[in-house]
Amino acid sequence: MDGTETNRRNCAKTEQQKMLDSGGNQSGSKDRVTLKKEIGLLSACAIIIGNIIGSGIFISPKGVLDHAGSVGFSLIVWVLGGGICALGSLCYAELGVTIPKSGGDYSYVTEIFGGLVGFLLLWSAVLIMYPTTLAVIALTFSNYVLQPAFPNCLPPYIATRLLSTTCVLFLTWVNCSSVRWGTRIQDIFTVGKLLALVLIIVVGMIQIAKGHYDALEPQTAFEFIKDPSVGQIALAFLQASFAYSGWNFLNYVTEEVVEPRKNLPRAIYISIPLVTLVYTLTNIAYFSSMSPQELLDSNAVAVTFGEKLLGMFSWVMPISVALSTFGGINGYLFTSSRLCFSGAREGHLPYLLAMIHLKSCTPIPALLVCCTATIVILCIGDTHNLINYVSFINYLSYGVTIAGLLYYRWKKPKMVRPIKVNLLVPCSYLVFWAVLLGFSLYSEPVVCGMGLVIMLTGVPIYFIGVQWKNKPHWISSAVEKVTYLGQKLCYVVFPQVDPSEIEPLTEKSELHPFAALMNTPVLVSFRGSSSVSLSYVRRTSSVHALTAPQRQGTLKSTAQ
């Protein structure tokens with residue numbers, strides 16, 4: 001996070017030149033060392049659905065029912081929760097095609113409100129939010145996989161941690177090796193988890209057809225187990241929001257989506273209604289075979305459902321949940337690593353994290369950081385309090401981002417917006433968000449306060465790491481040596497960037513700072529002029545600009 005020009009200028013020296021020279025002739029957009037656009041509409045839908053459907057639908061029904069107080073109201077919460085996600089996703093669709101950068105909330109908030117606000121979201125996400133979520137999903141995976149081996153007791157602590165760590169390490173290796181492998185795993189396991197939920201829904205519908213729907217009859221469904229309160233209702237929505245979390249994750253990989261201005265909104269419009277429908281029908285299926293008290297007493301709702309209705313095939317449920325969570329881990333690793341990548345590209349994280357592998361074009365350093373942070377959280381032990389902090393920070397970031405949409409409309413009213421949602425959409429979301437957040441603060445002041453404290457610890461880090469320009473030489477030298485070593489170990493370079501793909505449509509693209517400051521080949525463009533390619537530049541050499549006809553072979557360094 002050294003903000004000085006010296007560090008930027010020195011952090012990729014001779015090693016990168018050797019790598020580029022060994023890379024052979026790579027010309028044209030297909031051969032550029034850059035994040036590859038390999039996410040089509042199907043994979044885009046799989047990323048959204050796969051990230052939403054993780055462990056939440058198998059865990060949250062108990063919490064939603066407990067806080068909602070009745071079967072009928074809990075189903076209303078599930079439907080309204082999907083509706084709120086739809087409103088939010090429409091806003092993110094506008095932001096995603098207006099500011100087509102990877103990084104999601106962080107990139108939009110940084111663009112709209114500036115570096116400090118963006119850094120605070122990045123800090124809390126990298127430090128707590130995504131490592132904790134990954135750790136929880138990995139532990140859920142290991143618990144369900146090991147359950148058949150320990151039918152009468154909880155699996156051993158060490159066994160669950162070892163299996164969780166192995167799973168995270170394996171998927172990190174897959175995502176380091178190939179973007180295509182990562183997206184294929186996401187596609188396959190998304191289909192698998194949808195089939196598992198379809199099985200639950202079909203069995204539940206059969207039960208209803210046989211007349212087993214006592215808990216769903218109107219006079220029974222709205223019998224409250226306990227007196228409802230506004231605070232409890234807010235907590236019910238927070239529980240549902242945990243199950244729906246991940247609806248904005250495609251925005252984290254915008255630069256890898258094929259035709260993002262077309263496919264990003266399409267994927268959102270397909271995925272959110274589908275997940276809402278599946279979630280609602282799944283909960284109806286649960287209540288077709290389980291009384292409210294049985295559901296509240298169950299620690300694994302899907303497994304209890306399977307034991308009651310599937311007989312000798314009840315083993316299908318724990319395996320289905322394990323597969324679902326496995327796909328969730330892959331999706332979170334894929335998207336959270338792109339957040340680290342985007343933060344490093346903006347200068348808010350060490351520049352090594354903004355580098356990608358010379359051949360596979362995957363952000364290996366960012367993936368390794370996400371993997372390491374997750375393993376550290378797994379070793380801590382108790383993750384329950386961290387989950388509560390994560391939920392608050394997550395919801396806070398949604399509101400700030402959507403408020404940014406309104407501010408951006410006012411700040412730049414003439415900007416070209418391929419999608420422009422009605423103002424009622426963000427306003428309705430923000431009203432709901434403010435009410436929910438306010439009652440959460442009232443109901444759980446300590447938890448919400450700790451979430452704010454975690455986020456605000458990033459303020460001194462920002463001013464020391466990013467804003468402090470004239471750092472001592474030994475700090476710059478140390479960062480340079482670590483970056484150089486990281487490049488050698490991971491075989492990574494800075495990607496070539498075409499700003500026309502990531503800048504807002506009416507913003508004039510200027511010389512990309514990586515070109516002059518980071519010794520890396522990049523593409524830059526200016527409105528109304530042809531693209532130029534900058535070759536690798538030594539620390540003391542001048543910048544060699546090549547016009548489009550001269551672009552062949554520019555990956556071979558011209559700095560002799």
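Note that the numbers count up from 1, one per residue, in the order the chain is shown.
Placement of Cβ uses the backbone N, Cα and C atoms for every residue, glycine included.
Taken from TrEMBL, the feature compositional bias 'Polar residues' covers 13-28.
Sequence annotations record features per position, and here TrEMBL assigns region 'Disordered' to 1-30.
Sequence-distant neighbours of the transmembrane segment (39-59) (same chain, 6+ residues past either end, Cβ-Cβ under 8 Å): 136-137, 140-141, 183, 186-187, 189-191, 193-194, 197, 242-247, 249-250, 253, 256-258, 263-264, 266-268, 270-272, 274-275, 278-279, 282, 300-302, 321, 324-325, 327-328, 330-332, 334-335. Here TrEMBL flags 39-59 (among others) as transmembrane segment.
Under the heading transmembrane segment, TrEMBL lists 71-92 (among others).
Counting residues 6+ beyond its ends, the transmembrane segment (113-138) has Cβ neighbours under 8 Å at 54-55, 105-107, 164-165, 167-168, 245, 325, 328-329, 332-333, 336, 339-340, 343, 346, 348-349, 369-370, 373-374, 376-378, 383, 386-387, 389-390, 393-394, 397, 400, 404, 407, 451, 454-459, 461-462, 466 in the same chain. Look at TrEMBL and you will find 113-138 (among others) tagged as transmembrane segment.
Using a Cβ-Cβ cut-off under 8 Å and counting only residues 6 or more beyond its ends in the same chain, the transmembrane segment (158-176) has close neighbours at 134-135, 138-139, 141-143, 145-146, 182, 185, 326, 329-330, 333-334, 337, 357, 360, 362, 364, 367-368, 370-371, 374-375, 378-379. Here TrEMBL flags 158-176 (among others) as transmembrane segment.
Below 8 angstroms of C-beta separation, residues 45-46, 49-50, 53, 57, 216, 278, 281-282, 284-286, 288-289, 302, 305, 309-310, 316-317, 320-321, 323-324, 326-327, 330 of the same chain, each at least six residues beyond the ends of the transmembrane segment (188-209), sit close to that stretch. The transmembrane segment feature in TrEMBL is assigned to 188-209 (among others).
What TrEMBL lists as transmembrane segment is 229-247 (among others).
Outside the transmembrane segment (268-289), and at least 6 residues removed from its termini, the chain residues within Cβ reach (under 8 Å) are 45, 48-49, 52-53, 57, 61, 71, 74-75, 78-79, 81-83, 85-86, 89-90, 92-93, 194, 197-198, 200-201, 203-205, 207-208, 212-213, 215-216, 243-244, 247, 250, 295, 301, 305, 308-309. As annotated by TrEMBL, transmembrane segment applies to 268-289 (among others).
Per TrEMBL, transmembrane segment is recorded for 309-335 (among others). Proximity of distant same-chain residues to the transmembrane segment (309-335), defined by a Cβ-Cβ separation under 8 Å and at least 6 residues beyond the stretch ends, is recorded for 47, 50-51, 53-55, 58, 104, 130, 133-134, 137-138, 140-141, 144-145, 147-148, 167-168, 171-172, 174-175, 182-183, 185-186, 188-190, 192-193, 195-196, 199, 203, 207, 246, 249, 252-253, 289, 300, 302-303, 367, 370-371.
Positions annotated as transmembrane segment by TrEMBL: 356-380 (among others).
Beyond the ends of the transmembrane segment (386-409), by six or more residues, the same chain brings 88, 91-92, 94-95, 98, 105, 108-109, 112-113, 117, 121, 124-125, 128-129, 132-133, 136, 238, 241-242, 245, 248, 377, 380, 415, 423, 426-427, 429-430, 433-434, 436-437, 440, 444, 447-448, 450-452, 454-455 to within a C-beta distance below 8 angstroms of the stretch. Here TrEMBL flags 386-409 (among others) as transmembrane segment.
Annotation comment: TrEMBL describes 421-443 (among others) as transmembrane segment.
Taken from TrEMBL, the feature transmembrane segment applies to 449-468 (among others).
Tertiary neighbourhood of the transmembrane segment (356-380): same-chain residues 19-20, 23, 33-36, 126-127, 130-132, 134-135, 138-139, 161, 164-165, 168-169, 172, 175-179, 333, 336-338, 340-341, 344, 386, 486, 490-495, selected by CB-CB distance under 8 Å and a gap of 6+ residues from either end.
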